[in-house]
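In TrEMBL this protein carries:
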- Lys34: active site, proton acceptor (ACT_SITE)
- Tyr254: active site, proton acceptor (ACT_SITE)
- Arg129, Met302: substrate binding site (BINDING)
- 233-357: domain 'Alanine racemase C-terminal' (DOMAIN)
- Lys34: N6-(pyridoxal phosphate)lysine (MOD_RES)
Amino acid sequence: MKAATAHIDLEALKHNLGRVKQQAPNSKVMAVVKANSYGHGLHYVAQHASAADAFGVARIEEALQLRASGVVKPILLLEGFYSSRDLPVLVTNSIHTVVHCEEQLYDLEKASLENPVVVWLKIDSGMHRLGVRPEHFEHFVERLEACKNVAKPLRYMSHFGCADELDKPITQKQIELFLSLTKGCLGERSLANSAGVLAWPDSQLEWVRPGIILYGVSPLPNKTATDLGFKPVMTLKSHLIAVRTVKSGESVGYGGNWTSDRDTKVGVIAIGYGDGYPRMAPNGTPVLVNGRKVPMAGRVSMDMLTVDLGPDAKDKVGDEAILWGNGLDVEEVAHHIGTIAYELVTKLTSRVDMEYSGKA
Ligand SMILES: *Cc1c(COP(=O)(O)O)cnc(C)c1O
């Protein structure tokens, strides 16, 4: 029996892509598959996301891996290229790039390339991480329009900083600023991430860029993906390797940081931080065993973790434990741990066995 398995439901992925299309019926979909498709496996996801119109990645290596596996759809480097040496690689592999700063603009102007590159000009509409400031927008447009290495028409994008916080005014301001700057521009535009798709329909425009929601994880607080009609793609599973009696007053695990207040049964599950399950998960973090949520009891070890199964537990060695996924929302687990589900699904280690289901 495998110790830790991440089961990836590719039918659920297709369902989620379909739901995105229902939510944004007039937009093309750039499926964001950076960081190994948020930990789900780049090639499998790309192969099964056949309804996507393009793919978004963070690193040129990710784009090249997609091309090597036969993907012919457009691929965009969401942060652009990091070195002028990458430009010929973009041309050869027809990879599109973001331009967000003066250095990238300069490299494009100085390069001698066999063909022009498709460029998305990234505007800083208020997140203040990457992008051209609004007062410099005209200047960048003029130089990019004049640059022979840039395919025309130029495209435009921006990114939200707080789209998951529905009561903050900043997202509406970002939308308005982006629309006013790009008014009258010919090229296609893109603004919405997953939270934009779900909560800010004005931001959908010609292209949406969903990431996390494709994997069946909600970007919105107080709403799980299941609530929103999406299905979890990843189910992280392990099993019980011991069911032990622990007496009232006894402590379990490293540091003895959980002490039982009754005689009970403690289950030992074969997954730990060596598999990417966070060591910071506190006592009480839920784990699903035989259909019931049982609380973490004691510190997560490298290869194991322990749960309080309760005094009357009938669970046996070999029984399955679900850490998140079907039956236990990863959002709920993330909330207990004090992180976001994005981090949980992305951080599994290579020791976890990846198992796929679903037709191509
Ligand atoms: C990661 C990323 C996305 C997708 O964000 P989600 O919140 O996962 O939907 C979209 N656009 C850019 C620029 C990104 O970096």
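The backbone N, Cα and C atoms fix where each Cβ goes, glycine too.
Here the features listed in TrEMBL are placed on the structure.
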{"residue": "Lys34", "record": "active site, proton acceptor", "DSSP (3 states)": "helix"}
{"residue": "Arg129", "record": "substrate binding site", "DSSP (3 states)": "coil"}
{"residue": "Tyr254", "record": "active site, proton acceptor", "DSSP (3 states)": "helix"}
{"residue": "Met302", "record": "substrate binding site", "DSSP (3 states)": "coil"}
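In the domain 'Alanine racemase C-terminal' (233-357), helix, strand and coil residues by DSSP number 20 helix, 48 strand, 57 coil. Within the same chain, residues at least six positions away from Lys34 (active site, proton acceptor) with a Cβ under 8 Å of its Cβ are Gly56, Val57, Ala58, Arg59, Glu62, Leu78, Gly211. Distance from the CA of Tyr254 (active site, proton acceptor) to the CA of Arg129 (substrate binding site) is 40 Å. Cα-Cα distance from Tyr254 (active site, proton acceptor) to Met302 (substrate binding site): 11 Å (rounded to the nearest whole number).
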